[in-house]
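What follows is a short report on a single structure.
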Amino acid sequence: SVGFKAGVKDYRLTYYTPDYETKDTDILAAFRVTPQPGVPAEEAGAAVAAESSTGTWTTVWTDGLTSLDRYKGRCYHIEAVVGEENQYIAYVAYPLDLFEEGSVTNMFTSIVGNVFGFKALRALRLEDLRIPPSYSKTFQGPPHGIQVERDKLNKYGRPLLGCTIKPKLGLSAKNYGRAVYECLRGGLDFTKDDENVNSQPFMRWRDRFLFCAEAIYKAQAETGEIKGHYLNATAGTCEEMIKRAVFARELGVPIVMHDYLTGGFTANTSLAHYCRDNGLLLHIHRAMHAVIDRQKNHGMHFRVLAKALRMSGGDHIHAGTVVGKLEGEREMTLGFVDLLRDDYIEKDRSRGIFFTQDWVSMPGVLPVASGGIHVWHMPALTEIFGDDSVLQFGGGTLGHPWGNAPGAVANRVALEACVQARNEGRDLAREGNEIIPEACNWSPELAAACE
């Protein structure tokens with residue numbers, strides 16, 4: 001008689017444990033599970049726990065060489081999703097030992113690496129993760145964080161202003177630098193490389209870095225403010241990426257940029273470590289996020305990618321705009337904006353926050369609002385995002401009838417007007433449509449932008 005019995009067995013016998021008390025050191029996950037017809041919810045939830053931790057489809061004799069109880073993921077709670085048929089939220093607890101310290105890459109390989117192709121599930125979405133302090137403390141996190149960034153830039157009490165240089169592809173390095181200079185001179189704090197500007201035949205990275213640095217220094221000299229341009233260091237290899245970051249540091253510029261999903265978490269964490277060691281700020285673009293987070297029933301919610309970025313490291317990250325979207329979306333967006341900026345975030349299902357998250361003083365990340373916003377949105381953006389944010393107007397700056405610099409002036413005037421109005425106790429949501437026209441009286445550039 002053999003000591004174990006091979007053969008396919010129900011996952012729920014081992015991995016569904018409704019009595020389990022979660023530990024402070026567990027990583028907790030909330031999955032939205034859509035089982036195939038005929039598969040019970042408990043079995044589907046247990047299957048997720050098994051396939052993303054120790055399980056395989058059958059009993060193997062080597063199971064006897066380890067303590068399964070110590071290492072297995074456990075589905076400890078299942079609830080039906082209100083308003084959806086055959087959708088469940090399955091809560092899974094993973095023991096800390098399953099994960100390599102300081103590796104977002106390993107965390108994702110474990111939790112979402114294999115289980116999403118699982119046959120018994122029609123669809124699967126990771127909605128949220130609770131990262132325990134015992135795990136988050138193994139990460140450096142953002143290179144600098146919000147407070148250090150404000151001190152470096154000497155800019156307080158207002159959101160920061162940015163602009164993506166367009167047309168994003170096709171400009172020569174010199175003309176690109178000229179566009180950067182115009183925007184910074186006009187009053188923006190930052191300009192930005194587009195996410196797909198890396199090092200193409202029409203503009204190699206080194207030439208762009210040089211002309212942008214020249215633009216930054218010229219604009220700083222004229223305005224007396226510290227300026228920056230997000231120099232995109234994303235490259236085909238980690239070595240090349242670091243080489244570009246080193247060159248940016250040698251030029252003395254304040255900030256570089258990375259596409260963290262296309263570049264990958266390993267590359268991103270390497271760059272974040274370099275940035276902290278060398279005093280560079282790190283701007284993160286989320287290119288490719290919609291591939292992962294757009295489907296409501298499959299993939300990962302962006303709040304998970306945002307938490308992962310805070311652990312891997314970045315000082316800014318794009319976070320949608322909220323303006324003009326649906327109400328529910330607004331609450332969800334503000335939920336993960338808080339997860340990026342705050343130290344301690346209470347569980348709040350109405351904002352999509354499934355777990356209380358304690359970051360224990362890991363530096364925060366500035367959310368970047370960008371995409372289709374213009375000066376009329378300024379009061380709403382100032383109110384919704386508050387001071388700790390970067391507001392990015394691409395076409396909203398460069399589309400100004402008089403050119404880039406006046407477009408930048410218009411944005412800066414609108415922002416300062418909104419901040420002043422707010423500080424005087426006015427209600428931006430209600431009076432926004434009066435505040436901007438009032439400011440137009442003092443600024444022909446803003447008046448032209450509003451027409």
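Using N, Cα and C of the backbone, Cβ positions are placed for all residues, glycine too.
For the substrate site, Swiss-Prot lists ASN114, THR164, LYS168, ARG286, HIS318; matching the candidates SER53, SER67, SER370, SER389 against that entry yields SER370. GLU195 (Mg(2+) binding site) sits 13 Å from SER370 (substrate binding site), taking the C-alpha atoms as the reference points. Secondary structure at ARG286 (substrate binding site), as computed by DSSP, is coil. Straight-line distance linking the Cα atoms of LYS192 (N6-carboxylysine) and THR164 (substrate binding site), rounded to a whole number, equals 5 Å. Checked against LYS166 (active site, proton acceptor) by C-alpha proximity, the recorded positions ASN114, HIS285, ARG286, HIS318, SER370 yield SER370 as the nearest. Residue density at HIS285 (active site, proton acceptor): 28 other Cβ atoms are found within 10 A of its Cβ, drawing on all protein chains shown.
A distance of 6 Å separates the Cα atom of HIS285 (active site, proton acceptor) from that of HIS318 (substrate binding site).
Across the structure, ASN114 (substrate binding site) and ASP194 (Mg(2+) binding site) are spaced 32 Å apart at their Cα atoms.
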